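Visitor: Okay, these came from Swiss-Prot:
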type	residues	note
DOMAIN	27-310	domain 'ABC transmembrane type-1'
TRANSMEM	63-83	transmembrane segment
TRANSMEM	140-162	transmembrane segment
TRANSMEM	167-186	transmembrane segment
TRANSMEM	253-273	transmembrane segment
TRANSMEM	275-295	transmembrane segment
DOMAIN	342-578	domain 'ABC transporter'
BINDING	G376, R377, S378, G379, S380, G381, K382, S383	ATP binding site
Amino acid sequence: MHNDKDLSTWQTFRRLWPTIAPFKAGLIVAGVALILNAASDTFMLSLLKPLLDDGFGKTDRSVLVWMPLVVIGLMILRGITSYVSSYCISWVSGKVVMTMRRRLFGHMMGMPVSFFDKQSTGTLLSRITYDSEQVASSSSGALITVVREGASIIGLFIMMFYYSWQLSIILIVLAPIVSIAIRVVSKRFRNISKNMQNTMGQVTTSAEQMLKGHKEVLIFGGQEVETKRFDKVSNRMRLQGMKMVSASSISDPIIQLIASLALAFVLYAASFPSVMDSLTAGTITVVFSSMIALMRPLKSLTNVNAQFQRGMAACQTLFTILDSEQEKDEGKRVIERATGDVEFRNVTFTYPGRDVPALRNINLKIPAGKTVALVGRSGSGKSTIASLITRFYDIDEGEILMDGHDLREYTLASLRNQVALVSQNVHLFNDTVANNIAYARTEQYSREQIEEAARMAYAMDFINKMDNGLDTVIGENGVLLSGGQRQRIAIARALLRDSPILILDEATSALDTESERAIQAALDELQKNRTSLVIAHRLSTIEKADEIVVVEDGVIVERGTHNDLLEHRGVYAQLHKMQFGQ
């Protein structure tokens, strides 16, 4: 099996073809139009022979009467075919790019969390936008040039051989030399194109970091650092572009030099008496004009090669992502609503790409309807435990059970439907407040249910003050809201979801003391009759938990109730003393 980076242009295009095939009707129409367009140019040149031999050579004035009409007709045909071909190719190109982007977008949504841990957002955005657009270049502008100029070359060759095969046969020597030159340049174009795509991802990442962290940049005076970083990747992109221009600029004169040598040799051969006797003024003019006309399509084909190779390199990059293994969803068990029993048995887990396990031999039972709190220092593994319940990652050893069945037995959709998550890193969408609360299920919930969830999360106070209430668009990631307001929207979302298992990962971390007190009552109500896993730094929020589990360096070191752990005077007692000074 070939690696994508080793695929030839032909193999890459063959793989792209199934994406293009549904729109081949547009390609056929465009191809016919392009061939007619090239034929009109070739036929225009062929008119030189009757014009010189008959119109002027024999003073046959009838040629000068009908020829202007033919020229006008050919120009009209040329204009129509040019429009039809451009429109059809652009239509096909747009469809192909949309299809590729949808496939890429859908495939990325099915990728495991570990995939996104390794990739920068800017690079992935570049794949969906820039690389997909490069595919358009290969399937639109490049294709137009290849078909039109290819048809022109074939037409000119046929016409030259028809009028003087002796002179035209010399050009056969030209074909393999030009082919070798194009192949060498193609390899160079593709290598540069791959580097340009990677660099474009770095440019996007640099810009994205500045835009998302512009407040931090301003506060910490990072303008110079960010400017230097962006200048560095931008200059790298410029250098790659210059390499592309250099390769293209060198290939043009090489191709033209080869063609010029062939033309010079033809001119020399035409001086031989045996050849000259068979030529008329019109014939030799048509042959020489055709040879000169060959320069343009040869140059265009050489130039379009750079564009085509960029598209093929982009295809390979996209295929690399599309070939990446998606999240494993091999479970068959579907459950409408779980009871909520969760159990970890001898679970060991290591993050992909790391050597040291994040969790070691975790044994933990969370009975249905009970609340278990995880505490510990930052990086101890608390959030990792929570992420394993939703199977964002698969464990190395042991098993995790829900209602007595291994999580891997459930379909991912069914499993995740049992869990509501409120984390410290709330993500909101550039949509209305109502649609954010009822995210992905706007048609399932009534307006009254959405309002009730917002009220229980103590969010209606600030929502009612907005211009359009629940219909207010809150900007990208809730940029128009405060941290506490964003957190309450997320809690309202969890309330509305009404899942049997609840994960609260620092759910009140962004709230002020007053808001925290107000919302704690709602969280207490939410946790009733639900299996709750609460992760908290503020120990005051988990004192009423049925069990508190202390995690240190990926290992459970203590467990018990709040009072039991204080009496034990272990790690939990130390953490409590640090927070409350007792």
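Going from the start of the chain as shown, residues are counted 1 onward.
From the backbone N, Cα and C atoms, a Cβ is placed for every residue, glycine too.
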Visitor: For the transmembrane segment (140-162), give me same-chain residues lying six or more residues beyond its boundaries with a C-beta closer than 8 angstroms to one of its C-beta atoms, as numbers and ranges.
Guide: 27, 30-31, 34-35, 37-39, 41-42, 45-46, 85-86, 89-90, 92-93, 168-169, 171, 286-287, 290-291, 293-294, 296-298, 300-301, 303-304, 307-308, 311
Visitor: Only counting partners 6 or more residues apart, tell me which same-chain residues put their Cβ under 8 Å from the Cβ of G376 (ATP binding site).
Guide: K382, V550, V551, E552, V571, L575
Visitor: Of R377, K382, which of the binding-site residues has the most Cβ neighbours inside 10 Å?
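Guide: Result of the Cβ crowding comparison: K382.
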Visitor: Would you please pick out, from the binding-site residues G379, G381, the one with the fewest other Cβ atoms within 10 Å of its Cβ?
Guide: G379
Visitor: Could you pull the average pLDDT for the domain 'ABC transporter' (342-578)?
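Guide: Across the residues of the domain 'ABC transporter' (342-578) the model's pLDDT averages 89 on the 0 to 100 scale.
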Visitor: Quick check: with G376, R377, S378, G379, S380, G381, K382, S383 left out, which same-chain residues have Cβ atoms within 8 Å of the centroid of the ATP site Cβ atoms?
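Guide: Other same-chain residues with Cβ inside the cutoff are T384, V551.
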Visitor: Given the binding-site residues S378, S380, which one has the fewest other C-beta atoms within 10 angstroms of its C-beta?
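Guide: With the binding-site residues S378, S380, fewest surrounding Cβ atoms within 10 Å: S378.
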Visitor: Tell me, how many other CB atoms lie within 10 A of the CB of S383 (ATP binding site), whichever protein chain they belong to?
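Guide: Counting Cβ neighbours of S383 (ATP binding site) within 10 Å gives 20.
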Visitor: What does DSSP call G381 (ATP binding site) in the simple three-state scheme?
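Guide: In three-state terms, G381 (ATP binding site) counts as coil.
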